[in-house]
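Worksheet for the structure shown next.
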């Protein structure tokens, strides 16, 4: 039965044409002139789950993380653009809004992933002295409310675990060989077990991060250009140097090529970072310096210490001189707190102990180069001892209310280095006090490493919250207002909203057509109806 003429006049033009055409005829025409062609039904989009419905019906995988893959995102988009026309001969018009949003998102993704953000952009998008927290006004390029792939969440700072455990192998080797601690009768087996545990941990972490380099190289690039995170690229080589120092066999048995191979990456990183400090601009030291920057200096002293023990005195002296000059500049810069006047968040308080690591390692390095624990070595050791005591005096500042994270490994390497320096110092200045100090600091270092390691295993395998989403690498290359995402969603949903309103209005015209319009017609039907004469 046809609707009254007055109701037809009140309905939109395309509603009139649709009601005149028979329902089955309109459906046939929606699929083309060939009635024998198989018809494909598509679920109608909704305002709240339009994207999810299209994803479920097409079976497409999540491509939001492709931008961080090694050539994956760009290569897959190029291949899909080449063969895209033939694979989908009958696209779903109901998903046109979602397709448009997807294209806009891919365009933004291409723009954000072609180049890494500048240092100024990192400082503008992130907050905190370690630049780990996304500002409230920023929108990340990856979803915040979902768990990212594990490799994307695995940071370069995980090598801090290797530094802490491998330094323990060096500590027990020192306690075994130094005359001041000979009364402890430390078994060589302790050093042997710790060294193999350290080597296994180093192999595991290196393998995982190598997978990240292979599959998510864009994420590694962003970490390397992060003003603070770049310091952790020294950590793998420092851990390898500690493994070489803590080798159960005499260090002299190592080939000199091993030392040169380990120091070559450190020299490369020194040239990059120290050059940026001197050249000024957005990478000037007064802006990027933080307690973590000690890692960019301490590697020179660890390498100098190992080189001197292997008989490479001149190369060791070279790295010692380079490290000393830049350590003095860094120490003064950090004391003046030029980078920021904002105090460190409680979660990052452990990195303050990195102040102790550099002078501790430097004192032992100079003792090995000069052949005795002389005046220069003692000055560096006394500086380290004073900094250690000043931090221990505020112990509640570092543990109360601090949430566990990988930053806690910053406790392990410095306290172990201080214990090693104290054992060497006690051999030169033997007394009951120095021996007791060496034993006490060694016990503190061992308990600290054991406690942090046990907590790390618990958080990684039981609670599974050790590696949260690394938002520091998910910033956009250019800022984007947060309400822009809402506006884009409104624009993409406008077509669906119009369909619902029109279908409700046309359905009120005739009771006989209620069943036929219970499901709103697709935009293709409207287009066909308007095209008919």
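Cβ atoms are placed via backbone N, Cα and C, with glycine included.
Here TrEMBL flags 1-10 (among others) as compositional bias 'Basic and acidic residues'.
The feature compositional bias 'Basic and acidic residues' is assigned by TrEMBL to 26-40 (among others).
Look at TrEMBL and you will find 41-56 tagged as compositional bias 'Polar residues'.
If you look up TrEMBL, you'll see 57-67 (among others) marked as compositional bias 'Basic and acidic residues'.
Taken from TrEMBL, the feature compositional bias 'Low complexity' applies to 506-519.
Here TrEMBL flags 1-114 (among others) as region 'Disordered'.
Among the features that TrEMBL reports, region 'Disordered' is placed at 504-533 (among others).
Beyond the ends of the transmembrane segment (192-216), by six or more residues, the same chain brings 68-70, 72, 149, 151-152, 154, 156, 158-159, 161-162, 165-166, 168-169, 172, 236, 239-240, 242-243, 246-248 to within a C-beta distance below 8 angstroms of the stretch. The transmembrane segment annotation in TrEMBL covers 192-216 (among others).
If you look up TrEMBL, you'll see 228-247 (among others) marked as transmembrane segment. Under 8 Å from some Cβ of the transmembrane segment (228-247) lie the Cβ atoms of residues 129-132, 155-157, 159-160, 162-163, 166-167, 169-170, 172-173, 191, 194-195, 198-199, 202, 206, 209, 253-254, 258-259, 262-263, 265-266, 269, 273, 288, 290, 292-296, 298-299, 302-303, 305-306, 309, 472, all in the same chain and six or more residues away from its ends.
The transmembrane segment annotation in TrEMBL covers 316-336 (among others).
According to TrEMBL, the feature transmembrane segment maps to 348-367 (among others). Under 8 Å from some Cβ of the transmembrane segment (348-367) lie the Cβ atoms of residues 128-130, 132, 290-292, 294-295, 297-298, 301-302, 304-305, 308, 316, 320, 323-324, 327, 334, 373-374, 376-381, 383-384, 387-388, 391, 397-398, 402, 407-411, 413-415, 417-418, 420-421, 424-425, 428, all in the same chain and six or more residues away from its ends.
Annotation comment: TrEMBL describes 379-399 (among others) as transmembrane segment.
Within its own chain, the transmembrane segment (406-426) has Cβ neighbours under 8 Å at 155, 157-158, 160-161, 163-165, 167-168, 170-171, 174-175, 178, 180-181, 291, 347-348, 350-357, 360-361, 363-364, 367, 373, 377-378, 381, 384-385, 388, 398, 434-435, 437-438, 441-442, 444-445, 448-449, 452, 455-456, 466, counting only residues six or more beyond its boundaries. The transmembrane segment annotation in TrEMBL covers 406-426 (among others).
The transmembrane segment annotation in TrEMBL covers 432-458 (among others). Same-chain residues lying 6+ beyond the ends of the transmembrane segment (432-458) with a Cβ under 8 Å from its Cβ atoms: 161, 164-165, 168, 171, 175, 180-181, 183-184, 404, 406, 408-409, 411-412, 415-416, 418-419, 422-423, 425-426, 466.
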